[in-house]
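Engineer: What TrEMBL lists as domain 'Electron transfer flavoprotein alpha/beta-subunit N-terminal' is A:5-196. Summarising the annotation, TrEMBL assigns FAD binding site to A:216, A:241-242, A:255-259, A:272-279, A:293, A:311-312.
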């Protein structure tokens, strides 16, 4: 039996998200012979461009075209997917802000298993899908088995599966609009108003070559002085991870991560940052990364080039002195 | 507005180094510091602030054992009006769907306008809120960082999406929202405040009270099971600098200079 795997494609302004090709890889990890179908919801010219762009990577591309989909409302899309997906199907979506909105409820509506935030898939034995997840802020991993006899909704962590660039699928674009909209566009109790753009700050960290980035390990707002001192000594700018913004110690425009800025410096100092995947997702261009953290299990040490296991409150002033003294 | 907040007691990852136990069946649980899941704390604070603006009450609910009661008391000390503990031997090892089903049964016993959950907890799944909403057929939005009550029929919600932008939505009540950190600044609760709630009665509801069949929850009702815990192969990983603080700093300055890290 050829297993059918579906992938929900996130796209914006006529460009498919990077996860579109990562999900091809994830689907092949489920079953290398799987028939892989992309589902793309949207409208107009942008939608067609995305469908054609990914057709070389998927055997089939199911298109749902409606003006009401010009902005993706997960509540409506969930209903559309339930209308067109076969019983017991497997569907993958990215574990991003859209997938997290869509997927848990979708698993209930399909009466299927839910496998959230998979970082690896090890294959299927009968109807048992084996996968790897992370828990406790990425400090430990766990193998899970998922009973997929009644289908499954899987979210794949962005960046965890290596994009499948083989592009040999030669897929057909199939218009599923009529089937999906039979009975009309779904009524939902949730209406999109607008996207409010994030505020622009005083420093544009996306342009910085040297970033001194600080996380929860700074413990108190007053301690930020040592971070500014190091940034001055290095000639860099101060950035941060989410908890520092949540605590209102630095402005949102300095936050690195998927819910903040995407940066591409040459050197990245991660001070007291544990290194959640959302944070790491905002660091591009493989900078030289130095992690300083008192927890040797912090996931940031996996990503960094050089690590120092130390309390930043003790170590950072020493480092600053050393730099200033070396001139 | 009647608000229910779903909370979870978890090992505090900012206070603990998490290790796998000897046979890989669980994490090492001795000496762990437990606390309320960080995201849930923001959800409770938000519920309290909404209640203080528009009146109503805040109830916190959790699924767990008797030890879990401490986090209910903690959130009541913050200002939640009521607490409920959903506890039963058969609830053990429930997956996300099982937990959502248990909470759904409790929701059906009351009359709530708004249900809040944390956006995620220790397992990083972020699933219970979305599942609960689907089971109730209520609207859902995840990752809320802004809530404005429009009237008793609808609310305005900002969802945090990529790049820190906000997706502004209008949502009909009743609804379920998952709360992202940073939506507010949760108030501090001292030991004294928690002590004050020591005599507050926290009802415990089991499977029988909730009309749940044992097969629908716990291990038997789960579609997803954990095989083992492990520490992933370190791979390349960082080169950890060793030595005295002075030696490490010296070495790091050299490395930074070589990589253009000091202008």
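The backbone N, Cα and C atoms fix where each Cβ goes, and this holds for glycine too.
Bear in mind that TrEMBL entries carry predicted annotations, made automatically and left uncurated.
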Engineer: Around residue A:279 (FAD binding site), how many other CB atoms lie within 10 A of its CB?
Structural biologist: 26
Engineer: Can you list which of the binding-site residues A:216, A:258, A:276, A:279, A:312 come closer than 8 Å to chain B, going by CB to CB distance?
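Structural biologist: Filtering A:216, A:258, A:276, A:279, A:312 for a Cβ under 8 Å from chain B leaves A:216, A:258.
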Engineer: What residues, ordered by sequence, lie under 8 A Cβ-to-Cβ from residue A:258 (FAD binding site) and sit at least six positions away in the same chain?
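Structural biologist: Counting only residues 6 or more apart in sequence, the Cβ neighbours of residue A:258 (FAD binding site) under 8 Å are A:96, A:97, A:158, A:278, A:281, A:282.
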Engineer: Looking at Cβ-Cβ distances, which residues of the chain lie under 8 angstroms from residue A:255 (FAD binding site) while being 6 or more apart from it?
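Structural biologist: Sequence-distant Cβ neighbours: A:239, A:240, A:241, A:242, A:244, A:245, A:261, A:282.
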Engineer: Counting across all protein chains present, how many other Cβ atoms fall within 10 Å of the Cβ of residue A:216 (FAD binding site)?
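Structural biologist: The Cβ of residue A:216 (FAD binding site) has 17 Cβ neighbours within 10 Å.
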Engineer: If I restrict to non-local contacts, at least six residues apart, and a C-beta distance under 8 angstroms, what lies near residue A:276 (FAD binding site) in its own chain?
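Structural biologist: Result: A:137, A:138, A:241, A:242, A:257, A:299.
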Engineer: Which whole number is the mean pLDDT over the domain 'Electron transfer flavoprotein alpha/beta-subunit N-terminal' (A:5-196)?
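Structural biologist: It averages 96.
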Engineer: Does DSSP give residue A:276 (FAD binding site) helix, strand or coil?
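Structural biologist: Assignment for residue A:276 (FAD binding site) reads coil.
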